[in-house]
Amino acid sequence: MNESYNDNVPLIRVINDNDSFNGSLNETQVRKKNRSKYSKNVIRNQKYNIITFFPVVLYEQFKFFLNLYFLLVALSQFIPALKIGYIITYFGPLVFILSITISKEAYDDLLRKKRDNEENSQKYEILTADGFKHIPSSKIKVGHLIRIHENQRVPSDLLLLRTSNINGECFIRTDQLDGETDWKLRTAVSTTQQLKFDSELYDYQASIYAENPHKDIYKFIGTFTPFSASEESISTPLNVENTIWANTVLASGTAIGLVLYTGRDTRSVMNTNFPKTKVGKIDWEINRLAKILCVVTFIVSFVLIALNNFRGIWYISLFRFLIIFSSIIPISLRVNLDLGKTYYSYDIMHDDEIPGTVVRTSTIPEELGRVEYILSDKTGTLTKNEMELKQIHLGTLSYTTEAMEEIRSNLLMLYETQNEVNNIRFKRSKDMANRIKDIVIALALCHNVTPIISEDGKLTYEASSPDEIAIVKWTEKIGMTLIYRDTKKIKLKTPIDTILEFSILEIFPFTSETKRMGIIVKDEITNEITFYMKGADVVLSKMVLYNDWLDEECGNMARKGLRTLVIARKKLSNNSYMTFKKKYDQAKLSVADRNGEMEKVQTSIENDLELLGLTGVEDKLQDNVKTTLELLRNAGIKIWMLTGDKVETASCIAVSSKLVSRNSSIVKFFNLNSMTDACLVIDGETLQLCLSGCKDLFYEMTKNLPAVVCCRCSPTQKADVTKLIKTKIKNCVCAIGDGGNDVSMIQSADVGVGIVGKEGKQASLAADFSINQFQHLASLLLWHGRNSYKRSAALSQFIIHRGLIISVIQTVFSAMFYFAPIALYQGLLLVGYTTVYTSGPVFSLVLDKDINYATAMKYPELYKELLKGRSLSFKTFFQWMLISVYQGGIIMTGSILLFEDQFQNIKSITFTALIFNELLMVAFEVKTWHKTMVLAEIITLFFYILSMFYLKTDFDLSFIFSINFVWKVAAITLVSSLPLYIIKKLKSYFSPPNYLLIRD
């Protein structure tokens, strides 16, 4: 395919803030030159290229102390004076480990490149002088006219010019951009939508002002200015409703759009965060232990040189000892831990108790066993995000679920008798019916819900908020059904099947800043213009006419756990509306602070509103959320609820979900010092003051509380609270949420858990662990967290012990033979010790478990012990060091004492005793046997005996298979291991751990 499409540019020019524009179109060459400065429309998720791959990957590996240490040891073998054995002995394990890592990185990056190439080579239709032609996505440039078909991904940020819908409307799916699963309505520029044919767009002359690229996917400021020789150019304001961002999908019809931003300038790329790879606390703890082992290695080497009175070239001997004792720091430790993490992740994802769970960060499963704080969202996390209108209050009357039939009958009566003459009999009931009608029509009109009629005639609704869908479903249930909506009209079907038609004059969408939404409509029958508004009570209570019931009833509904919405209206005369419209249209064309100017004009009519009523919508609790929270609280985990809801609603959910325990009280911010069993409720403004001015004091006052509820929280505040707690505790913070507003909190936490909910998958995709229900969190922490942490602690300490014991044997050997820096074990024997001879049984410890699932869930108090960090601590580390010194000393001295006349076989004697000792120690550590563990022990023993026939230089077979050898090695092994087993059993008997008491 030739690339003539690169110069085939339509006569519509895109300008942004950095362009100079004199109001007229220049020749095509100028436009080509301007277009060359924009980013290429390519997707690139690769981490490396052919030049940076090896330097970056090697740097990432050698920044870890273990790998760097072994690289230096391996390099030292090229110096003849420091050479101990075969170079392959030192380079082999290092190269093997690095090869696995580099291969994995290369494979992952090649997959990323393959996916990128697939995306960049997808064909799209662009409009040219000869009609539509196909080009690959990577060749799309700013100014091209692209035609998108139904279910096709949008390749770049577009301005919508035409759609197949006569009204210029189309729906898009944005779940891959903002995580929301609902369809969004988009509207084409009216001027270009009116053209008869798509081909006319190519010769259409206009300029478009588009603001400079930025990250906000909910805002766009632009103007569309057509040029006509006969008419004065009239600019049309553009907003986000006229755009289709890259990575969204066209859900209906076809659409033609003008490319505004490409490549890294698109909203989707600018919002793509590459969070740092999370490293578990256990990895840092092991890194610290490795540094201690390095110091131990140096001290032992120096002592041996000192005991030899620094004879000869002592510093050469010092370096040789450092190389000989390098096995103290086990190079296989990181590989074993990484393989263990992979197994834990597999185990989590294949657990039938928590179906659908996905592990997205496999480097931190142990952190699940050390969670001290859980920071949870409310809506969609503790609650189902399934809304149902439960109560409606009209000032003098309140209707609950049981009385909804009365509303329906009143509304039906009103429409059936609307042509009858008012008389005393009907006056009172019609009065109430009219009030009901007013609020029902307001609820049926004031929203952003779009009705969708399927092929089988079933009516469903699409909206960005489940609250709105719940309200529209309620109006349908009582007889006022939304049957049609586009950008210009809304049609309602009354209880008597007549149609009410309203023209949409203006819409003021809901934002988290304004906390309200409004709509101006015109009744096509009466020509009345009405401004409807709904929103939070804290905002609308200042806009409505004086009343004495709103605040009290809002509080009452909030205490029932209902989400409240205030409904109001204002009737506008034709003159007052036209005055408002003129000012509002001028504000829309403002380039500088357009949103601020529009807000000012909007507030001019947001006063003296007639209060119609108050609605209460219930958000149902998640399944078993009460039981789960009680389990987690009994496990010693402090739970904070961070929500954007009001104080009363959040407090009620905290009580109903049992976040607040039976004996706890809800208190205000002060007088917390002496309270250890209370729930603190704090609002967003107070929280912001605490975070900005006295965060340390705030933490000190709340650290002993079992629960805290933070209301009216912004996403930034959620992340700030997470970061504050992380800096104050030695254990982990777990954040859990289901919406896009929880992503920053999830990514800031040590462990981020996302719930796949009705708000989409954005939180789930950004999280380290994805679950389907909140109740699965208990299994994730109390069972999988416990197993992962305890298994990794046992595995790492045993591998350290494995390196220490062989170094102790070497130390005793060197001390007995004039402190000579000569290695006892070399070549394949040394390599085999850390691989085929011990790796199977040692790694099988990842299958061990101290209690079963039922016990872990029945006694959550056992989790508290994990928070103390006793499974892997300096205490346990030094205990294993003493064990290694004892066993290494016994094996070496015992071998010399029992085999004093067969010293030439000291290598095979000590090594055999060492292997048997390690196999026994693994068996002593196992708490619950698994068939794989038994197989690992048997196969390893068989393989070791078999290898003796191959390594004839190290093993004298006639000597090894003698009875004298067998019983003496068995005696040495028993003396080195049996006393430790007896001590362990005595300790378990006189001072048993809690898990053992429960299990027994």
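Easy rule for this one: first residue shown is 1, then count along the chain.
Including glycine, each Cβ sits where the backbone N, Cα and C put it.
TrEMBL labels come from automatic prediction, so no person has curated them.
If you check TrEMBL, you get these features:
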- D377: active site, 4-aspartylphosphate intermediate (ACT_SITE)
- D377, K378, T379, E468, F510, K534, R563, T643, G644, D645, R712, K718, N741, D742: ATP binding site (BINDING)
- D377, T379, D738, D742: Mg(2+) binding site (BINDING)
- 32-86: domain 'P-type ATPase N-terminal' (DOMAIN)
- 765-992: domain 'P-type ATPase C-terminal' (DOMAIN)
- 50-72: transmembrane segment (TRANSMEM)
- 84-103: transmembrane segment (TRANSMEM)
- 289-307: transmembrane segment (TRANSMEM)
- 313-333: transmembrane segment (TRANSMEM)
- 799-819: transmembrane segment (TRANSMEM)
- 825-847: transmembrane segment (TRANSMEM)
- 877-899: transmembrane segment (TRANSMEM)
- 905-926: transmembrane segment (TRANSMEM)
- 933-951: transmembrane segment (TRANSMEM)
- 957-983: transmembrane segment (TRANSMEM)
| What is the pLDDT of the domain 'P-type ATPase N-terminal' (32-86) when averaged and given as a whole number? | 77
| request: Would you mind sorting out which of F510, R563, G644, R712 (the binding-site residues) have a C-alpha within 10 A of the one on D738 (Mg(2+) binding site)? | output: none
| request: Enter the number of other CB atoms within 10 angstroms of the CB of F510 (ATP binding site). | output: 19
| said: Please tell me whether the transmembrane segment (799-819) and the transmembrane segment (877-899) touch - that is, whether there are at least 3 C-beta pairs under 8 Å between them, with each pair 6 or more apart in sequence. | reply: yes
| Largest tally of Cβ atoms lying within 10 Å of a Cβ, found at which of the binding-site residues T379, N741 | T379
| message | Please determine whether the transmembrane segment (905-926) and the transmembrane segment (825-847) are in contact (criterion: at least three Cβ-Cβ distances under 8 Å, sequence separation 6 or more). | response | yes
| Chain residues outside the transmembrane segment (933-951) and at least six past its termini with a C-beta under 8 angstroms from it | 828-829, 832, 836-838, 840-841, 843-844, 847-848, 908, 915, 919, 922-923, 926, 957, 960
| query | What is the interatomic distance between the Cα atoms of T379 (ATP binding site) and D742 (Mg(2+) binding site), given in whole Å? | reply | 11
| query | Relative to the Cβ position of D742 (Mg(2+) binding site), how many further Cβ atoms are located within 10 Å? | reply | 33
| said: Give me the DSSP three-state residue breakdown of the domain 'P-type ATPase N-terminal' (32-86), ordered helix, strand, coil. | reply: 31 helix, 0 strand, 24 coil
| note | Spatial neighbours of D377 (active site, 4-aspartylphosphate intermediate) among the binding-site residues G644, R712, D742, using Cα within 10 Å, are G644, D742
| field | Surrounding residues of the transmembrane segment (289-307) on its own chain - C-beta under 8 Å, 6+ positions past either end | value | 65-66, 69, 314, 317-318, 321-322, 325-326, 328-329, 333, 796, 800, 803-804, 807, 811, 814-815, 819, 821, 877, 881
| request: For D742 (Mg(2+) binding site), identify the closest of the binding-site residues F510, R563, G644, R712, judging by Cα separation. | output: G644
| By a simple count of other Cβ atoms within 10 Å, which of D377, D738, the recorded positions in the record, is least packed? | D377
| message | Cβ under 8 Å, sequence separation of at least 6 from the ends of the transmembrane segment (825-847): give me the contacting residues as numbers and ranges. | response | 84-86, 89, 92-93, 327, 330-332, 336, 339-340, 343-344, 791-792, 794-795, 798-799, 802-803, 806, 810, 907, 911, 914-915, 918-919, 922, 925-926, 930, 932-933, 936-937, 939-940, 943-944, 947, 951, 954
| So for R563 (ATP binding site), how many other CB atoms are inside 10 Å of its CB? | 23
| message | Give me the count of other Cβ atoms within 10 A of the Cβ belonging to R712 (ATP binding site). | response | 21
| said: Around the C-beta of G644 (ATP binding site), how many further C-beta atoms are within 10 angstroms, looking at every protein chain? | reply: 21
